[in-house]
Structures are given as structure tokens and as C-alpha cells.
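Taken from Swiss-Prot as is:
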- Cys1350: active site, phosphocysteine intermediate (ACT_SITE)
- 218-305: domain 'Fibronectin type-III 3' (DOMAIN)
- 393-454: domain 'Fibronectin type-III 5' (DOMAIN)
- Asn89: N-linked glycosylation site (CARBOHYD)
- Asn117: N-linked glycosylation site (CARBOHYD)
- Asn174: N-linked glycosylation site (CARBOHYD)
- Asn345: N-linked glycosylation site (CARBOHYD)
- Asn431: N-linked glycosylation site (CARBOHYD)
- Asn620: N-linked glycosylation site (CARBOHYD)
- Asn649: N-linked glycosylation site (CARBOHYD)
- Asn663: N-linked glycosylation site (CARBOHYD)
- Asn737: N-linked glycosylation site (CARBOHYD)
- Asn882: N-linked glycosylation site (CARBOHYD)
- Asn970: N-linked glycosylation site (CARBOHYD)
- Asn982: N-linked glycosylation site (CARBOHYD)
- 24-44: region 'Disordered' (REGION)
- 19-1077: topological domain 'Extracellular' (TOPO_DOM)
- 1101-1705: topological domain 'Cytoplasmic' (TOPO_DOM)
Amino acid sequence: MRPLILLAALLWLQDSLAQEDVCSSLDGSPDRQGGGPPLSVSVTSRGRPTSLFLSWVAAEPGGFDYALCLRAMNLSGFPEGQQLQAHTNESSFEFHGLVPGSRYQLELTVLRPCWQNVTITLTARTAPTVVRGLQLHSTGSPASLEASWSDASGDQDSYQLLLYHPESHTLACNVSVSPDTLSYNFGDLLPGSQYVLEVITWAGSLHAKTSILQWTEPVPPDHLRVRALGTSSLQAFWNSSEGATWFHLILTDLLEGTNLTKVVRQGISTHTFLRLSPGTPYQLKICAAAGPHQIWGPNATEWTYPSYPSDLVLTPLWNELWASWKAGQGARDGYVLKLSGPVENTTTLGPEECNAVFPGPLPPGHYTLGLRVLAGPYDAWVEGSIWLAESAARPMEVPGARLWLEGLEATKQPGRRALLYSVDAPGLLGNISVSSGATHVTFCGLVPGAHYRVDIASSMGDITQSLTGYTSPLPPQSLEIISRNSPSDLTIGWAPAPGQMEGYKVTWHQDGSQRSPGDLVDLGPDISSLTLKSLVPGSCYTVSAWAWSGNLSSDSQKIHSCTRPAPPTNLSLGFAHQPATLRASWCHPPGGRDAFQLRLYRLRPLTLESEKILSQEAQNFSWAQLPAGYEFQVQLSTLWGSEESGSANTTGWTPPSAPTLVNVTSEAPTQLHVSWVHAAGDRSSYQVTLYQESTRTATSIVGPKADSTSFWGLTPGTKYKVEAISWAGPLYTAAANVSAWTYPLTPNELLASMQAGSAVVNLAWPSGPLGRGTCHAQLSDAGHLSWEQPLSLGQDLLMLRNLIPGHTVSLSVKCRAGPLQASTHPLVLSVEPGPVEDVFCQPEATYLSLNWTMPTGDVAVCLVEVEQLVPGGSAHFVFQVNTSEDALLLPNLTPTTSYRLSLTVLGGNRQWSRAVTLVCTTSAEVWHPPELAEAPQVELGTGMGVTVTRGMFGKDDGQIQWYGIIATINMTLAQPSQEAINHTWYDHYYRGHDSYLALLFPNPFYPEPWAVPRSWTVPVGTEDCDNTQEICNGHLKPGFQYRFSIAAFSRLSSPETILAFSAFSEPQASISLVAMPLTVMMGTVVGCIIIVCAVLCLLCRRGLKGPRSEKNGFSQELMPYNLWRTHRPIPSHSFRQSYEAKSARAHQAFFQEFEELKEVGKDQPRLEAEHPANITKNRYPHVLPYDHSRVRLTQLSGEPHSDYINANFIPGYSHPQEIIATQGPLKKTVEDFWRLVWEQQVHVIIMLTVGMENGRVLCEHYWPVNSTPVTHGHITTHLLAEESEDEWTRREFQLQHGAEQKQRRVKQLQFTTWPDHSVPEAPSSLLAFVELVQEEVKATQGKGPILVHCSAGVGRTGTFVALLPAVRQLEEEQVVDVFNTVYILRLHRPLMIQTLSQYIFLHSCLLNKILEGPSDASDSGPIPVMNFAQACAKRAANANAGFLKEYRLLKQAIKDETGSLLPSPDYNQNSIASCHHSQEQLALVEESPADNMLAASLFPGGPSGRDHVVLTGSAGPKELWEMVWEHGAYVLVSLGLPDTKEKPQDIWPMEMQPIVTDMVTVHRVAESNTAGWPSTLIRVIHGDSGTERQVQCLQFPHCETGSELPANTLLTFLDAVGQCCSRGNSKKPGTLLSHSSKVTNQLSTFLAMEQLLQQAGTERTVDVFSVALKQTQACAVKTPTLEQYIYLYNCLNSALRNRLPRARK
């Protein structure tokens, strides 16, 4: 192996030496520096955008290797990115996978020996790619196309768009766009033209292109017209369409629905359609086409002419004319036939008719018939004519009738003729010659039965004789019997004979009768039937009938027929008991008979039971052994020969069988169930009757198939007797009576309220009678009866005491009545174990020592849970442990860390007690303060501001919890003594102590999320302490020098408190308050406020609470409860910061405050509430009113405890008994509740609960549900009104006291969305409700306290009662003291504000109130008319929240203006100076009471509106009419009320009695009507000048006091007033003067609406707020109530919606 390695090394060395020789020879060559001849390199993409192809030609021979390097170039021309390298010995190379359109740098290196390489650098660019998804489409306009595409891959510089015609290559558009442009719109193109779009992608000088072809849309053709050229052709015309290549014509046959299509070339504008159907409507559609586009133009409709009918033929018939023809080709709408000649007639026929008849008789003459064919607007006309001869017009006579007349005078005169006439018609009918000597004349072929006249004419034409006579009539045809409906009737009928007659005669005869035929009956010629009545049934008759005319009769026609037999009469069917048979009986019918046929049917189901033939003498028949309870029908008919009469029918029943096995059971206390078994046979129904003590109670009737029935609404626990009866028609059979009991009544629900070891059980009994029975309440423990107590029926409350906490028992109620007993479902009472008591936490640095007392009862263990509180409000679990002991050591804790400890007791029933939670903080390791800290700095000129510096007591001063300021006038002390901290300002000022504790405040340097201050300056001597002996920062003694020291306390409540002092400061002289500058005093006050806020925040944050161990005098005096007592005011501007601080750490500060309040007032006596006589009057046993504040009712005689009700007086903001808090009434205390309302003069009731929640009755329904009044004791309550909103309901009651005979109105406001033991969803809804309550209370100022209740009267009631004064305090003082408010509440009623969530919610409401800030002025500004409806809807949302907010702003604005006598800016100084001045002047003229003193106010209308003068008070005629004249009033409106004492005739002129004053004379002219409103026209004449003026007087409509007019009435009246004021030619309307003897709400409303309508009509805006404010500032107008303010908006909205404000001049 080694020789081989040595050989390889030698070979390598030899090759290296050879290369060195070559390189040495090259170094000496002349081409060394030049590098050899250059290369010729070419670069191309060869049509592929992602590759570059390099080729080169070497200038010198030799096979060299080549190295290639490729790098991309950026926009600046510099290489970047990864380079591609390649080696080759070829003369070309291709790079693949490049980015299209990108620039690249190429390096080609010739690798020569001895490192004599030659490198060529050049740049190149790949070819770009074409764009993707190129589209060219029409935009809907004939002159534009829109192109769109997706960008080309790779890089590009721009896109070039070339649009040209493909045939001529004429360029239409050439534009370049940036690569970011992906669409382009080409305009101004030729319609209907083909274009090619080329999109060229440029990348440097390289490009790639793609193209697309598209057409523009042609212009749609227009002015399409179609005209008919004949019966089978239509010609169309249209205007040429620009750009259209072809026109598509579609002709639609509107009758057949077929289409005819034709395509014509461009340039053609007309086309004729041939071979169409005559008389047919066609619709033509035209479409212009160019390329793929088709644009439809208008449509046109036209008819072809109808074709002519052929072969019109007129044919005369007897007495009429007949026409026929052949229809032409095609369609038609119909025919019109017009007959002209002696008779004119026009007839219209349908398109399918081909003949017509013109009825006669037609007179002879020449007739022409015109036949017109209709088709759309066109017609075709043909005519035909005919001559109608007289013979054709005369009616044809019946042949065979002969007229033979005698009495012809014989004469020898020749040439006589007999002329025949019809008596009824004037025409000549016959003319024959009469031979001389003839005595009769005969005519043949006449009408039978007709009346003729024959005139004998001489040869000279004279009538010598006239004869009349009749032809013989023909007999009636087809005589037959047509009806035998009744046994005593026959109806005959016949057909009239040809010819005429005057009547018919009919007679008849009974076969076998010896009497002559019956009466002859004459009938008229038009009668063809006769009914023969009162014939004998079952008899045969011969009937004869003939016709007669004049004295001639026809032959008689006879017919023989028989009447039917009569049915039997008085048929009856009844049941006979002895023997038990069903018996039928009847009476014989009149007429003939041979026998009776008797059939018996059973009706259900219909079955023939029996069929018998009885003799003609039979009158009854019986059936035995028929089934029971069935209904039978008997049919009896009479037989006579082969005839059978109609049957007589009747029904009857067999008696039913009684029900068997009757059984009665009680299914419910008020229900009995009766059942039975069906007996054999049938029945129609069952009747079950219920008796109680022999008195019928109820009856039930059921069907025959039923086998049971039930009775409801019975009396519980009662014995009843039941009678069951089977009915079959009128027959019945009863079963034996059965007795039964109803179950006794038991409560349908047991509701228990647990409290410690007792329970209050509400027993809910069903409504209705309680009935009878005995009940017991039973407690069971583990299945064994442990306690039993009798209950009275209906008892609704049960008190269970001395229950074992932590134990479970079951409660049931059992009741017995007779043999029955009932029981409720057991109610499991799981008694919650009591919480641990006397919890004490002793903190140390690394552990907490916890002690407690276990509650009594069945308890097992105590669960202790420990959580570490961290900043931000969260908590981390540490550990938990179960223990049966009463003490626990919690080790391994972190110093100066807060821990939340929760102790819960587990009862023997596995139920947990209420958790007792406390926060305990481990102490610091040890605080080692300096023996004496440096003296503090004192700021001069600020009332002695003492500055505490952070760190002045060492670096561990974070363990300091409290700082104190010690003041002294002793100039010799170096540091304070221990006794100084127990001396107060009172000891110093009045007892002569030289040193005292002036101020105590929490550590202000406690670490917080925000920055910690470096120092804290505290003003000293700023409070007015009076005689308080508590710690107080009182004024310093004037003229004394004071020194100050700082005291630091590590804790306040332990003997281990570490106390440190600073040295005293330099002495400073005190400053008298009188001598102190105002700015200094203000600064001091502000500083005090800041300190108070800071202390409050720190108190809330740290929540100090003392332990249970004994305390020395120092710690007792320094407890926060004692220090701050109950007053903890927070300025409104600091409330948000305080709220956020208290909310930190899971609301820890709120929790500690609430824990402090829990014990307040609990030790106060409640003896009256705990008295046994009053226990059942309390809804909950733990909510009992304190004796000192309870509301006492008037005691009823003989009832010593009737003065008790569960209610307390609560102080309000301005009165010690402003509010009454009470529980929701129980059923038995409703009367006491209304007594409370009446005796305490309550006018507003606030209800904060619903009647029932989650199945629990929270409050009894104590008011009427409808208009029917309800009486409780002496008080009757009427419901007057009820209005429901989303979150509350308003009601108004009228109370009537029967004994006192007095009435009073009370309003109830019920908040309906507040769950029990919870809070509303948002503070805004409750705040809006509070504002509503405040408005109602203001309206009833001084009329008694407000009554507030929920269910218990403490939780929701306490929250609401606390919110009322807190809101008032916030509005009046800009300060909130929630703690003190709740403290006072709990001193007057226990448990006020029941839960922590309610306490926090109270703060949330106040925070919302503060954050609302002042109302936006824009909300109450002018509103455009067009937006007014929207503004009304916005204000009405959320139960009128916007109106409430705006109204509060109005009241505040009115309050701000109170006392100011300055006139408004637009007041007219030349008119009535002011309302006060007017009162002063008029009071001199007429002395009247203050409330009736005259007052006048002017409301100017501006340059185009009318002025309005308002006069109030008892005005006489002189004052009224002279003011009318002075102010140029043209309209006078009187608002006098019916109860005013003024006499109308005193101020109004009468028709015959004008009013005359020193200035004017007033005449009554006439009564008129304006806009539907009655008015009086008055003429006023000025005495000196004689000038006249007409005044329109209108009377304001009357409505009840305190109510408003309906909007429609008021708006109609205002419209009438506006029209009166607008009369005349003046540009400015006449002045309106309104007079009212009293200041009323109606006056305010009228004045406001009158001005608002003027605004709307002239300015097109309205400003309700400003109008109401200006009017209220005037003396003549009252402040509107909230309801009136809303009424103004609604009334104005109605007016604008009805466009009432007409244009006014």
C-alpha cells in the first residue's frame, strides 16, 4: 500500500512542475496583459419568458471552460438576491425558471490556464408574458366597450391597448396604462361595429401581446309603424338603426299565437308581410342585430281587413223575414245587420253566426239589409234587398173553418158583394159576390172560433148591411189527468186547439152517483189545466171539457179517472205496561177502502219488524216482546182495489233497561266520577243527577254509548247521592241510588321560606269553596312522624320554629272527610346550617391565626378556603381544608399580603351554610421606625399646611397605615407625648390641653397602580367643630404660636400598634379667619376637600376593620367607624375615581362597606312586630319593623293590636317622614294597606315587584283588575286609568271612604323589570323611573309621604329609597354620601338594601347620573318640520326618556330664571311694558283679589307673523274692548269656563244692547261660521274718530279642568283662528287677543300651539322648548306639566302630519 501512495505523490508533483513551466512560459508571452481577444456574446429569450439563452464565439482556438453567473437586478440597476452559477465547455448555455420581464446581470468568464481568465459582464431582460383573462364586453351603451384583464405574471413596465377595426385596420384607440391598471373603458365608438383589442405587455424593448374581438351594440330601431294593405297583407316601416347589420322582424298572430319571422339587411326600413289571415290582429317586434348583440326596439299592433261575406239571401216566411249568408275567410269580431224599409231594425251577432230572423208581422214593402263584418278598427259591407208582398205579410189562416151567416136581406138588386173582415183587425180578408135573393152568406177556410164581420156592399159600393158571427171552435186537444196529489183532488190538463176561442167549459160526474153532474166551470182561453177539489177519496169520475166562441161550442172531450184512497187518521203509537206491549190505534178515513196495510219499523238501524193486512173495520193493533229502549215507527195505509193511499206515520218507544253496576269514585276534591254498565237493549241517553242532602246539585246528560260521566265544581269533603237513569225517548228507567264522598281539599302548593331554624310556609289553597274535613300538618323525620298540628281549612300561613339547622325533614298536609283522606306531596325542608360566628383573624407576618364559633344544630365540618388577592381584582387559590374544630392556623403565607378567607359549614343534610368571607392581611416583618423623625415642613399663608414626606419614618414606612397631625402651643417640647394622641381639639380649646391630635388620615403613599406622591400637604385648623369631642381639625386659637409633629401608626386596633413621632416644627403664628385673604381661605377649603376625598378613597380601598380582641382607649377612638362615623361624602367630580377604586379586587371595598352596615340598627326593639297577634301579618319572619319608626294605624275598637302594619317611616332629603317603606300586602293585610294609604294621605304608591315570580306569590293583587270597584273595609277603590310602558305601568285610583264620605285620587307607578333579590338590567331604566317619580311627587307637593314597597319591603325598596335622596343630594350639593344614606335607612328599617349587588348597583346608578352631564342643548333646539315626526319618536323611546330629559332641562331653565324681571330680548317696549307693569296699572282701575288681578302679556309675531296679546283676570267690558281697540285686534278668543262667575252679558254686546265705553262702542253684528267653527262678528266704533273695525269672536271649546282637548278639536279650532287672522289685504296678519278669567292649562296649551303653528307655517321649523320657556316666564301662563309638555309634541305632530299650518301671509 505504501508504494502506491508514494507513486501517486510523485505523479502529482510531476504534473505540478509541468504546470509551473507552462505558466512560466505564458508569463513571458506578449498577450499576458491583454487577456486575449474578446468574445462575441449574444443573449436572447428564444420566445420563452422564463429563460435566457447565451451563445458566444471564441476569437481564438482552444478548448476553454466557461463559468456563468446570473443575478437579478433591482429597479435601481443593482444586482440583488441569490446568484445562479453554471460551468460549461460548450459555446452556449440557457438559464431556465426566471421571472418574466425582469432584468438580470450576466457574467461570462473564460477559464484560461494560469488564472489568465477573461470576464465579460452584460445585462439582459427576459421577455414579458401576456395578460391573463382578457375580456372585452359591452357596457350597455352602443358607443362604448369595456376591457378587463388580470395582470401578467412577472414584471412589466406598462400595458399598451390598441383598438382597431379588423377589416380596415383603422386605429380607434391607442393608449398606454400602468401595470396597476386592470380595466379600461373605450368610448366614442361606432355602434354595431366589430373591434379588435390588442393588449401589449412591455418590458423594456421586449413585448408580448394578446388580442380579443368584440362588437359594439347597435342603436335600437325606433318609430315602428304597421299599416294594413288589405285582407292578407301588412306593411311595416321603421327608422334605420345605426350600426345594425340585420333586422329581425317577428310578426305574431295574436289569435293563434303563431310567429312569422323575417330577416332583412342593413339599410332597409320597410317590409310587407303577405298571405296573412283576414280580420286578424298581429303584433310586430323588431330587433337590430350586430355580431352577437340583439337590441329589441318598440312593438306595434295592427289588424288585417276582414273578408267579405258571400251569398247573402233574404227569404220571406210566414209573419217574418229570414236572412242567411256565407262567412268569408279569416277571423272577425262579429256582424252588424241593419234592416231598412217600412220597418227599421239593427241587430248585432257573434262571429260564428250565419243567419238571422227578423220577426213579424212585417208590413209589405221594399226592404234592404246591410251586413257589416267587424274586425278591429276595420269592416267589410254587403247589401241585399227584397220586396215583401201583402200576401206574404198577412197571417196564414187555418183551413177548414166555415162561417155561415143568416139574416141577409133578400133583394133583387144585382152586383152585391160580401166583404169579410176580422173584428179584431181592420184588413179586408175576403170579397165574394152575393146572388140576388140570397138570405145567407158562407165563407170557408177561416180561422176556427174567430169573430168576423161581413159588410154587404151594393154595386155602387155602398154598405147596405153588416153581419157578425163566429166560426165553430175546435175542441181541446189531448185531455188527460196530470196529477193526483191529494186523495180528494184530480188535476186535468189539455192542449189548446188551433184557431181561436173565447173560453173552455168543464163538468164532472161520480160513478154510481144518482146525482146530476157537478157544477159547470167556465175557464178563459189561456187556461190549459184545472184541479177538481173536494172529491170523494177512493171514487171514480167522468170529466168532460169543450171550447166555445160566441154562441158556438166545440165537441166535448171526455176522460175517466179515480181518486186515491185516503190514509187513516189520528194514528198513535204508545207503550202499554199491562201487558207490556206496543199498541197502535187509528180512526177510519173518509171514502172507499178495502183493507189496511200496517208496517212496523225499528229505526236504529232501520229494520222492518212486522207487516200486516188488516180488515177495513180494524182500528188498533199491538206487538209484544219487542226489544227494550228502541224507537219504532208505524206506517198505516188504506188499500182500495189496486190503489194504496199515502201512509200515516208515527213513532213510539219501548222503555229502556236501567243501567247496572253504578259506581261512584272521587277523583279530586271537587270532582266525582260516575260509571255504569250498559243493560240489554238500546236507549237514547243517560241522565245522572247529583244530590246533596236531598237537594239537586247537578245533572249530566250523556249519549247512549257513554258509560261514565264526571261532575266538577263540587264542594270538597262532602257526601253526595247519585241517581242514574236510562232514557229512551220520553220513557226512562232509574237504577238504585248510590252514595259517595268527595275528597277533602288540600293545599295545591306548599311554599316555604327558610330563615335560620324556622320556616314560614305559605299554603296555597285552590280557589273556590273550602268544603268540609279536618286537616293536620305533619313533619316527618326519616319516615317517622315527629310533629303534628291541626290546620283549619284555608289557613294560608304556617310557622315552623325550632327546626334543627343542618337537618332535613319533610312537611305534608293530610285532610280527611268521611272514608276519604288526601295528602299533599311531601315538601322537603332542608334546613340550612347556620354560618360560623365570631370569626376572628389574628394576622402575623407569615401566618394567620383563625378562630370561630361553630353554629348549633346538625353540623359536620367547616370548609375553610384561602385565596390570595392580587392587584387588578383577581384572586389566586391557595388551599382549602375541612375541619371539625373551631380554630385553624394558616401557615407559610407571604408578609403584607391580603388573603380572602371563606368559611362554610356543612350540615348533616349535606347542605352548605352561607359563606362568611373576610379579608385578612398578613403583617409586615417588623417595622423599626426611627426614635424621632425629622420635623415636618409647614407652608405659610395657607392656614398652616403641614407637609408629610414619603420616607421620613424610614424605608419601611409602607407599613404605616395611618398618619396623625399633633399640634401644640408648648414651645418647650422636643417631641409629643403618648397622651397627646388621646386629646382632641375640644380638649385643647375648652379644657386647656396644650397638645392634641388634630387630624388622622390614611397613609397616602400606599402603593397603587397610579403614581405615588412624594409628599402630602395637610391643612390644619380648617373645620368648624362646634362642641364635638371627636377628632376634629378645628380652628387654631388666634394669637397663639403652634408647632406640629407627625405621628405614624402601624395599625389601629391592636395592643401591638407601633407608634412613632417626628420632631416638632418651628413655631408658626395662627391666622384669624377674619384677616385671612379670600384666596387663601378658598385654597384651604379646596385642600380640605381634596384630603377628605383622598381619605375616603383610601378608606374604601383598604377597608380597615377591627378584630374582636379587647381594645384600649386609643384604638377605640381611632376606629374608622368612630372616626368618620357615618358621614363619608364624595364630591361628584371624584365619584368615578372612588367607584373604580372600590370596584378593584372583586369589589372588595364595596364588600367591606356593606359588611360594616350589616349590624347597623339590629339591636333596636321590634316588640310589636314579634307579638303573637301580629306574627301572621308579616310576610317574612326576619323582616320586622322597628318600634321607634313603625307606622301606626288608627286602632280599631276592641282590637288592641289593629294599629300594626309592617311599615316604617324613612327620612328623605327634606323631611324626616318623607317616605314609607312597607312590605307587599298579604291577602289578609290588604285592608290594612289601604288604611295606611288613606290615614297617611299617600298620593303616590311606588311598586317595585310583580305579583308572582317563579311560582312564588311576592305581593297580593290589591287593586281592581278592571273598572269594577273593590271594597276593603271602609275604603272602595276605583281603577280610573292604566297605561303600560316597556318597563313600568302607571295607574290612577280613586279612593272613597264610606264612613268619612270623602274621595281622594292616588297614583301608582309599578316598575316591572326588577327581579327579586337582584337588580335591573341597566341603571338607565331605573333612573328614568326615578325622574318619573320625582315629577309625580312634585305634582303632589305637601300631600303626604311616598309609599314604596316590593315584596319584603327592604331589598328593592331599600335600593330605590336610598336612590331618591342620593339623587336629590347630588343635584343640590354636587356631593354623594351613599354610606350615610344607607346607614340612616338601616336605623329606621332592618335589612334595607339586602344584597351586595344592590349596594353596588346603587353606586352604578349614581355614577350614570353623574356621567350624563348637562343635556345637549341641540336636543331642545329648533326642529325642521320635515324631521319633527322622527324627533317625536326619538323622545318617546324608552318610555318617554327623551321627553323626561328635556322636561328636566326646561324646569332647570325656569328655575334659573326665577326672580329675574328683565324682559326677554324680543320684548316690545312700545307695547305693554311688562306683565308686572300691566298688573300695576290695571289694579288701580279695578280692585280684585290677587289671583284675579288683570295681567296682560304680548307675544310679538315678528315681521310676518301675527302678534298675540293675552289678557287674564276678571276683565270688565271697558278693559276688554278698549284693549281690543288699542292693540288693533281683529280676532278675539275667549277662554271663559262654565264655572266662572262673570256674566256673559256684562262683557259681550247683545243684539239690541251694545256696549258703550269712553273710548269705543261695541255692536253685535251677526253669527257666522269659519272653517266649520261658529263665530260672532262684532263691530267696534272709536268714539272720537268714528273709525270702525270688525272683530271676529270665537269661543274656546270647553273641556274638564285638568284635562286636555282632543288633538283634532284643538287643531280644528286653531285652523279657524288662523283663517280669521289671515283675512284682509295687509301683509302682516291681524293681532289676536285671547282672554281668560283664570290662568288655566288650556290657555297655556292654546297659546303654545298657536305660536308653534305660526313657526311651522312661516319658518318651517318648530321650537317647543323655547316656546314653553318664554311662555312660562310670562305672567299669563302656567308652567306645563310633563303630560302637557308631551301633549304639545303629540298635538303638533298630528297637525304637521295633516298639513294643518297653511301658508300664512
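Backbone N, Cα and C atoms are what each Cβ position is placed from, and that goes for glycine too.
Considering only the glycosylation sites Asn649, Asn737, Asn970, Cys1350 (active site, phosphocysteine intermediate) has Asn737 as its nearest partner by CA-CA distance. Across the domain 'Fibronectin type-III 5' (393-454), mean pLDDT in this model comes to 77. Distance between Cα atoms for Asn117 (N-linked glycosylation site) and Asn431 (N-linked glycosylation site): 159 Å, as a whole number.
Asn663 (N-linked glycosylation site) and Asn620 (N-linked glycosylation site) have their C-alpha atoms 43 Å apart, to the nearest angstrom. Note on the domain 'Fibronectin type-III 5' (393-454): DSSP counts are 1 helix, 31 strand, 30 coil.
The two recorded residues, Asn970 (N-linked glycosylation site) and Asn89 (N-linked glycosylation site), have Cα atoms 112 Å apart.
Ranked by Cα separation from Asn882 (N-linked glycosylation site), the glycosylation sites Asn345, Asn620, Asn649, Asn737, Asn982 are led by Asn982. DSSP assigns the residue listed as 'active site, phosphocysteine intermediate' to coil in the three-state reduction, outside any helix or strand.
Per DSSP, the domain 'Fibronectin type-III 3' (218-305) is made up of 0 helix, 48 strand, 40 coil.
DSSP assigns Asn982 (N-linked glycosylation site) to a helix in the three-state reduction. Nearest Cα neighbour of Asn620 (N-linked glycosylation site) among the listed glycosylation sites (Asn174, Asn345, Asn431, Asn982): Asn345. In this structure, Asn663 (N-linked glycosylation site) is part of a beta strand by DSSP.
Look at the glycosylation sites Asn431, Asn663 and count other Cβ atoms within 10 Å of each Cβ; Asn431 has the fewest.
Between Asn431 (N-linked glycosylation site) and Asn345 (N-linked glycosylation site), the C-alpha separation comes to 34 Å. Comparing Asn737 (N-linked glycosylation site) with Asn345 (N-linked glycosylation site), their Cα atoms are 92 Å apart once rounded. Highest Cβ count within 10 Å among the glycosylation sites Asn174, Asn620, Asn649, Asn737: Asn649. Around the Cβ of Asn117 (N-linked glycosylation site), a 10 Å sphere holds 16 further Cβ atoms from the protein chains shown. With respect to Asn982 (N-linked glycosylation site), the closest of these glycosylation sites in Cα terms is Asn174, chosen from Asn89, Asn174, Asn345, Asn649. Neighbour count (other Cβ atoms within 10 Å of the Cβ, all protein chains): 15 for Asn970 (N-linked glycosylation site).
Using CA atoms as reference points, the glycosylation sites Asn89, Asn174, Asn345 were checked against Asn649 (N-linked glycosylation site), and the closest is Asn345.
For Asn89 (N-linked glycosylation site), applying a Cβ distance below 8 Å and a minimum sequence separation of six or more within one chain yields Gly63, Phe64, Asp65, Tyr66. In this structure the alpha carbons, written CA, of Asn345 (N-linked glycosylation site) and Asn174 (N-linked glycosylation site) are 81 Å apart.
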